[in-house]
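Taken straight from TrEMBL:
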{"type": "DOMAIN", "residues": "200-264", "note": "domain 'Ionotropic glutamate receptor L-glutamate and glycine-binding'"}
{"type": "BINDING", "residues": "273, 275, 280, 446, 447, 494", "note": "L-glutamate binding site"}
{"type": "TRANSMEM", "residues": "320-339", "note": "transmembrane segment"}
{"type": "TRANSMEM", "residues": "395-416", "note": "transmembrane segment"}
{"type": "SITE", "residues": "425", "note": "site 'Crucial to convey clamshell closure to channel opening'"}
{"type": "SITE", "residues": "452", "note": "site 'Interaction with the cone snail toxin Con-ikot-ikot'"}
{"type": "TRANSMEM", "residues": "581-605", "note": "transmembrane segment"}
């Protein structure tokens, strides 16, 4: 039993006050205060009157007080009341309830003594202050069992590795208790066991000459020794026959394993990596958890992806490669058509001969495809667009290739530096949505109970899968780890054991995060007095970091750990898809559209100018120009058009269509179409 107090009888002021109070009573302290303790209420009244007196004294010294008439009928405050309040707020003295000091009208330096009821008296074991909170100065009084000398007997039997060991405790008063441990022990005649192959909770030492508790070592052994030294008991080990944590039979409602031993009052407590859950808490009590954990997925480390001959294509998705190919063909054809429409792409092939009579277009169909592929590869090209429309196409295509090449190069570096692995599952959802990889839990454990009682749809689906396939359940953790290493199996287990196996076997890994959050606790019967004492001991060890030190000792410092390099950690560089770089295709299409509009404007403007010069209709001029432009197999050359204004045309000059016949080259007769070539003749009068 604990309590708080504000007055300390050992203080001089309190003792003096008790003596003064005794003087004013005719029969002495037997009537005033038989326990020789001042109660809180009179002590606070004493300090309040003293604070008022100090305030009045300070007020009188600081200013002249002139008594004024006071009326009980009028609610008029005293003119010097605010000054008195300020003086009271600034007083500071040691009273019966400790140091009296005010801040903004409230007491600031309040202290309470924490008292613990002992056999004959109350003992101060700590104090509470507003600044530092509760500070316990004597922890031992919370763990004492009185004068009882308790001996806990714990025996063990031979079991398979990674199984559960149970222990019985017996004291001198014939009280029995069970401490269940995680016990790892390989069957052997000589008991020489490599410790690094065993689980870290409880292990047999290599020395077979050891007897009693000295035969064992591990996390739970060290934790038990620490709690035993803190509380004050001894123990011996033994194993519960059925080697079960304890699960409820849904048909009969009966419990097995450790829980059954606690329910039947065969034991006073049970210490184990035993999960605290609702079902167990409804029939037994648990202490504060000494370790927090969750359910994880143990899986075999995926193999590295084999090298492929065409792995250079991996940075871009297949649809992106197809879109690039389609864009290449579209831009090439668009460049060819627009170049034939635009009059500014028809140039004199012989600049030195100003009147060659032939116009040539450099963007043939083959040259158009060559221009786009060369610029796509960022190589030099001797073809330069001259018209505004073709330059727009070229600029948009260059921008497109800049983005594509930059994206490809950046993602290619990621593919070359990040080691990709074939990961069939990456989360519990992936595991639930497939049927090729089997998964299971430890039979009769809390993990199985978690899936059986879960209301989450994903976990319910997984439980139906496991319930319909009883072979996925394993009898112990060793069997589960072995099945994982054999492949095509995922084991759902508690994260502490999972972490231990992953750190010591480079072929194992954890998939995804934890499915839940829970803790290991020490079980006791309902209403047991052991629960609170052990809970306080656990909290004390956690605050001091002792339990974390034990965890680091047996999980991270002992044995051989797998040296995992960062490059072996799972990494995945995703292929760039339409959602990543689809915008560059939109920009390219917009550029092509603008170029086509520019080509139409150029075509219309040039046809209109020529129609005025040749005194033809705009429609006929555009039709003739269009017929020539749409001839895909036509020559790259055309006759030069001598457009002259009407003032400069000499008399007798007329325009007639003509055709040029070029000499045969390579066995091919080339016909050059001539457009309205002007011919000049002399009149008869001049002959």
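Each Cβ is built from the backbone N, Cα and C atoms, and glycine gets one as well.
Known features from TrEMBL, placed on the structure.
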residue: 273; record: L-glutamate binding site; Cβ within 10 Å: 23
residue: 275; record: L-glutamate binding site; Cβ within 10 Å: 23
residue: 280; record: L-glutamate binding site; Cβ within 10 Å: 24
residue: 425; record: site 'Crucial to convey clamshell closure to channel opening'; Cβ within 10 Å: 20
residue: 446; record: L-glutamate binding site; Cβ within 10 Å: 23
residue: 447; record: L-glutamate binding site; Cβ within 10 Å: 22
residue: 452; record: site 'Interaction with the cone snail toxin Con-ikot-ikot'; Cβ within 10 Å: 16
residue: 494; record: L-glutamate binding site; Cβ within 10 Å: 24
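In the three-state DSSP scheme, residue 446 (L-glutamate binding site) is classed as helix. Under the DSSP three-state reduction, residue 275 (L-glutamate binding site) is assigned to strand. Per DSSP, the domain 'Ionotropic glutamate receptor L-glutamate and glycine-binding' (200-264) is made up of 24 helix, 10 strand, 31 coil. Non-local neighbours of the transmembrane segment (320-339) in the same chain are 313, 345, 361-365, 368-369, 371-373, 376, 385, 387, 389-390, 393-394, 397, 400, 404, 575-578, 581, 585, 588, 592, 595-596, 599, 629, 632; each lies 6+ residues outside the stretch with a CB under 8 Å from one of its CB atoms. In the predicted structure, the domain 'Ionotropic glutamate receptor L-glutamate and glycine-binding' (200-264) carries a mean pLDDT of 78. Each of 245, 274, 277, 445, 518, 520 belongs to the same chain as 273, 275, 280, 446, 447, 494, is absent from that list, and has a C-beta within 8 angstroms of the C-beta centroid marking the L-glutamate site. When the record's L-glutamate-binding residues 273, 275, 280, 446, 447, 494 are compared pairwise by CA position, the greatest distance found is 17 Å.
Reduced to three states, the DSSP call for residue 425 (site 'Crucial to convey clamshell closure to channel opening') is coil. Remote same-chain partners of the transmembrane segment (581-605), defined as residues 6 or more beyond its termini with a Cβ less than 8 Å from a stretch Cβ, comprise 320, 323, 327, 330-331, 334, 338, 341-344, 387-390, 392-393, 395-397, 399-400, 403-404, 407, 622, 625-626, 629. Cα-Cα distance from residue 280 (L-glutamate binding site) to residue 425 (site 'Crucial to convey clamshell closure to channel opening'): 33 Å (rounded to the nearest whole number). Comparing residue 446 (L-glutamate binding site) with residue 452 (site 'Interaction with the cone snail toxin Con-ikot-ikot'), their Cα atoms are 10 Å apart once rounded.
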